[in-house]
Amino acid sequence: MSSSDKIPSLFGDDDALAPVPAAPFKASVEPRVEPTPRPIPPPPPSKTASAPGEYSAADIEVLEGLEPVRKRPGMYIGGTDERALHHLFAEVLDNSMDEAVAGFAKTIEVKLDADGFLSVKDDGRGMPVDPHPKYPGKSALEVIMTVLHAGGKFTGKAYETSGGLHGVGASVVNALSERVEVTVWRDGFEHLQVFSRGKPLGPIQQVAPSKKKGTMVRFKPDDEIFGEGTNFKPARLYRMARSKAYLFRGVQIKWSCDPSRIHDQTPPEATFHFPNGLADFLAERTKGLTTITPESFAGRIERQGEAGAVEWAVTWTPQGFGEHDGFMQSYCNTVPTPEGGTHESGFRAALTRGLKAYAELKGEKRGTIITADDVVAQAGALISVFIKNPEFQGQTKEKLSTSEAQRFVEASLRDPFDLWLSSSPKNAQALLEFVIERAEERLKRRKDKEVSRASATRKLRLPGKLADCAGSAVDGAELFIVEGDSAGGSAKQARDRKYQAILPLRGKILNVASASGEKFTANKELSDLMLALGAQAGAKYREEDLRYERIIIMTDADVDGAHIASLLITFFYRTMPELIRGGHLFLALPPLYRLAHGGKSEYARDDAHKEELLATVFKGKKPEIGRFKGLGEMMASQLKETTMDPKKRTLARVTLPRHEESVEDLVETLMGRKPELRFRFIQENAEFASADLDL
C-alpha cells in the first residue's frame, strides 16, 4: 500500500482532532501595498444586477473581513456537520496546547455550560492586547480574532513548534460563532472583548486589576451555520481533551460539563494528566488484550537545536484490535495526521531495519522476507513528533511531508529499539517469530491468489476492450476505468503492464440510482465492468472473487469528468457497497494545468492550485500555462508521471461514513428519479448560483 493510499485514523472519534488552521498570540500581518496604476476613465458603473446571460461589474461580489468564512465554511473546517462543529473546539484547544508545549502553560480547563457555551482556559502568557502597529485603533487581540492569517506562529519567535498558523483558526472560530467572549489576564489586568459572527461588539475593555496570566475563549457556534439544534457532544469533547493530555505529558487538562448536557456515561468532571504520555495512551487502548511482549516499546527523544522531539509507543497483539488487525496513530505538534506522512515512514523503517538486523545477528535466515507491512500488520502504534516549521501535503494538513522528519525519527529510534531487543532476548525472539509468521502468511496468500486469479481468468470471458495486466497476483493489481478510447489509448501506453489494467468505457454511463433493473442488466458498459472485476453484485459479492486490489476511476479533471466519476461511484455504492467498505475504490487526481518556465514545469490539479504555484514556484515569472482538455490530450509520459505512477501520484480513497443513512439520502437526492429534490438541494446549497441550471 502506497503512502497516498493510507487508510484514515483507526482511533474512533478521537480523529475528530483532524487539523484545520488554528490561533495566535502575536499578530504580524503586513497589509499588501499595490502599485498605483495610471488613471483610466472607468465606464459607467452598473447599479443593479445584470440581466440573465449578461456579466458585468454588478455580478462581482467582494467578500470582506470574515465574510468568506461564513459564505464557505467548508473551505476552512471541512463542512458544517458534527465533525466540523467539533473542529472549532480543536482550534481553540490547539492554541492553549501550543502555550503548554512552549513551556508557558501547565493547566488547561475545558468547560461545557448548560446554555451550550464552550470555554477553553489556560494559564499561559495571555494573548497580546496592546495596539497593533499595522492596524491603527485595533488591539492585537482584535486583529487575531478578526483577520485571517494573523498570528504569532509565522516567524518562530513566539513559538518554536506549533500545531499550525493559529491566526486562521481563532478568526474562523469567531466567524462561525454566534458569540465569542475572549478574556485575557495580562500586564496586571483582566481584559475582555466580545464578538458576534466575526465582528467585535465593542472595543477591548480593561475589566479589573489582576495578577493572573492566561486566556479564556468562551464561544457558542452559530445555528445559522450549523443548523438549529446542533450542539457539542460531551462524549466527543471528553475524548478530544483526553487525547491532547496523552500527547503532552507536561500538561494537566481539567474537564467539566453541566449534567443537563450529558445523556450517556461521560463523567461530568475529570482531570487528565498522563506522566508517561503515549505509553499510558497505548496501555489504555490495549487494556484486556494479550500482547506478544509483556512490555511495549515506548520512549521519548529530544534533540537540541533544530531537530525537535519524538515520542512513541508500540506493541503487538495476535488477536488484533477490534475490526482492524492493527493501527498507527500519528501526530505532529499535537495535531493528528490521519493520512500519515514522513514521520510514520521513519518509524516503520526504524522498526523494520532493527528487527531484520536482530534476525541476522541471531542467524535467522527467514528474516530477509520481512517487510515493513509485516512488522506493523498487527501492531498498535502511536507516534508524536515536535518539529519546527512542519510542512503538510494539501490544505487539510492531514499528512506530514517534511523530509527531515523521516530521517529524524528513524535515527532517533534506531538505538533505543536495538537496546530494547537486546535487553530481553526471550521477548525479542517471540516478536521475531510472530513477524516472520505474518510474512510467511503474506507470501502464502499471494501464491494462493496468483493461482486463484489465473484460474478465474481462464474461466471468465473477459471483455475484449479490457487491456488486462500481465501479472497473476491480485495484490498490487490495479484496474483503471477510463472514459473513451482516446484516454484509454494514452493510459495503455502509460501503464505498468505487469500490474495495471485499463478498461475504457464508451458513451454515457448509466445512472443506476434512477434506472430500472432491466436497463441495468442490459447495459453493456456496466456488464463489461462487472466481468472485468470478476465479482458479482449485491448479496452475491465475494471479495475473494475480486481480480484487482485497487479499482481506480480515472476521468478528466473537469465538470464532465466529475459527472462520470459520480455516476461510477453511484454504481459501486448501489451494487457493490462491500467493495467500497473493503477499501478497494479510488479516484485518480489528474492535473488540469501544466505550468512551464525555462526548464521547470509543474502541474496544477485545479484553479486554486494553479494560483498557488503562480504565487510561489513561479512568483515574479510569466510561465506558459496549458490547460488539458482531457486525459487523451496528455502525452503518455505526462499521464504516467502525474496520475498513474504509484511513486508520484495521489489517489483519493472512496470511503463510507459510520452513519450510512446520510449517504443513501444524498445519493437519492442528487442521483435519484425526483428532479424536485435536486432543485431544492441546489437552492439550499448553491448560494452564488444565479445562472440557469440544467437539472
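Numbers run from 1 along the shown chain.
A Cβ is built for glycine as well, from the same backbone N, Cα and C atoms used for every other residue.
Looking up the ranges 1-53, 637-689 in Swiss-Prot, the one annotated as region 'Disordered' turns out to be 1-53. Look at Asp122 (ATP binding site): DSSP puts it in a strand. For the domain 'Toprim' (477-591), the model's average pLDDT works out to 85.
Applying DSSP to the domain 'Toprim' (477-591) sorts its residues as follows: 55 helix, 21 strand, 39 coil. A C-beta separation below 8 Å, combined with a sequence spacing of at least six in one chain, links His563 (site 'Interaction with DNA') to none of the other residues.
Restricting the binding-site residues Asp122, Gly169, Glu483, Asp556, Asp558 to those with a CA within 10 Å of the CA of Lys508 (site 'Interaction with DNA') leaves Glu483, listed by sequence position. When the Cα of Glu483 (Mg(2+) 1 binding site) is compared against those of the recorded positions Asp122, Gly169, Asn511, Asp558, the shortest separation belongs to Asp558. Neighbour density at the Cβ, taken as the number of other Cβ atoms within 10 Å, is lowest among the binding-site residues Asp122, Asp556 for Asp556. Annotation: Glu483 carries the greatest number of neighbouring Cβ atoms among the binding-site residues Glu483, Asp558 [cut-off 10 Å, Cβ to Cβ].
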